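So that you can see what the record holds, here are the features copied from TrEMBL:
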ACT_SITE  40  active site, proton donor
ACT_SITE  173  active site, nucleophile
BINDING   100, 120, 154, 155, 156  substrate binding site
BINDING   152  Mn(2+) binding site
Ligand code: PSU
Ligand code: MN
C-alpha cells in the first residue's frame, strides 16, 4: 500500500500495530536493492551528552553515505515510528527530551502521539518490519549484574531472537554481566561472531575474558552468514538475528585500570541513588562520562563510528550477493 507524499505503509493484511513511515530515501534503497543500515536513537537521545550527540548522529549517517550506504536512523516522532529521518528528525532526537522506547512501549507512544528514542530492541523490531537486515549500535543491552534477583535483562536479547537483523556492537558493557549475557544469547539461539577477534569485547575495552565459538575476518563472511540465514527454512518460527561483536579499534580503547576504577564508582553511585529499571543504563553511562572526565565518551564515539563503518561494509557485501 502506498500512502501520500511518497510515504509507504505495509500491505494492509500485514499492517503492524503501530504502522511506520519509511523515508523516501530508505524506501527507494530497499526497492532497488541498495545497501541500507539501521541506526538507533537511544544512543543519541539517552546515551550521549549534548551537543556531541547531534554531531555523532550526523557523523554516523555521513560515514554510511560516504560509503554509498543509505542510513536508516529509527525513532518515533509524534506517535509515528520512522525508518529513516530527515535533518530535522535527526536534530529532534538529539535536542528534544523524549522517552526511551523498547518494543513494549511502541503502542503507548503511538496512542499518545508523543516522540521517543528507540532502544536496540525497538530499533531491531522496526528495522525488521521495514526489511532492513543490518543495524549498527554502540553497545547491545544485556543481562545486568544482579539479574538473578532483579530480573533485569534487556529486551535487546529477545528482540534479536525474534527478528532477522544483524547488529554490529562493541560487545556489551562491563557494567553488565557479560558471561550471563552470552549464555542467554545461546539459550535464545542468537548466533554470535567475533569480527576479527576470538574474544567478546566489552565496549570500552577490546576484550572481556570470554571466548567466542566463531570468529570472522571480513564483511563478506558475515554477508554469507546472513544469506544462509535467509535460505534456512523458518518453519513458522521467528528468524533469529546475529550479533557481530566488533572490538573498539586498537589504540582507541580505554585504559583498563581507569575503566575498572570508574566502573566501581558508577555501581556504588547507582546503588546509592537506588536507580531501577530502564533508568539504569542511562544513569551509568552519564555517570561514567562525568567520572572519566569525558574519556569514556571519546571511546564510546570511536567504537560506535567503527561499528557503523563495519555495518556499512556488511550491508554492501550483502546487497552485492
Ligand atoms: N549501550 C550503549 N549506549 C546506549 C545503550 C546501550 O553503549 O545508549 C542503549 C541502547 O539503546 C540499548 C539500551 O538498547 O541502552 C539498553 O537499555 P536497557 O538496559 O534498559 O534495556
Ligand atoms: Mn533493563
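Backbone N, Cα and C atoms are what each Cβ position is placed from, and that goes for glycine too.
Features recorded in TrEMBL, as mapped to the structure shown.
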residue: 40; record: active site, proton donor; Cβ contacts under 8 Å, 6 or more apart: 73, 74, 117, 118, 119, 120, 123, 135, 137
residue: 100; record: substrate binding site; Cβ contacts under 8 Å, 6 or more apart: 42, 45, 46, 116, 117, 119, 278, 282
residue: 152; record: Mn(2+) binding site; Cβ contacts under 8 Å, 6 or more apart: 143, 144, 146, 277, 280
residue: 154; record: substrate binding site; Cβ contacts under 8 Å, 6 or more apart: 119, 120, 121, 140, 141, 142, 143, 144, 281
residue: 155; record: substrate binding site; Cβ contacts under 8 Å, 6 or more apart: 102, 103, 104, 119, 121, 141
residue: 156; record: substrate binding site; Cβ contacts under 8 Å, 6 or more apart: 119, 120, 121, 124, 140, 141, 142
residue: 173; record: active site, nucleophile; Cβ contacts under 8 Å, 6 or more apart: 139, 142, 202, 203, 204, 284
(request) Please list, in sequence order, those recorded positions from 100, 120, 152, 155, 156, 173 with the Cβ less than 6 Å from ligand 2. (result) 152
(request) Tally every other Cβ atom lying within 10 Å of the Cβ atom of residue 120 (substrate binding site). (result) 28
(message) Going by DSSP, is residue 100 (substrate binding site) sitting in a helix, a strand, or coil?
(response) strand
(request) Determine the C-alpha span of the substrate site listed in the record, that is the greatest distance between any two of 100, 120, 154, 155, 156, in Å to the nearest whole number. (result) 13
(request) Please list, in sequence order, those recorded positions from 40, 100, 152 with the Cβ less than 6 Å from ligand 1. (result) 40
(request) Please report the DSSP secondary structure of the residue listed as 'active site, nucleophile', reduced to three states. (result) coil
(request) Return one of helix, strand or coil for residue 120 (substrate binding site), based on DSSP. (result) helix
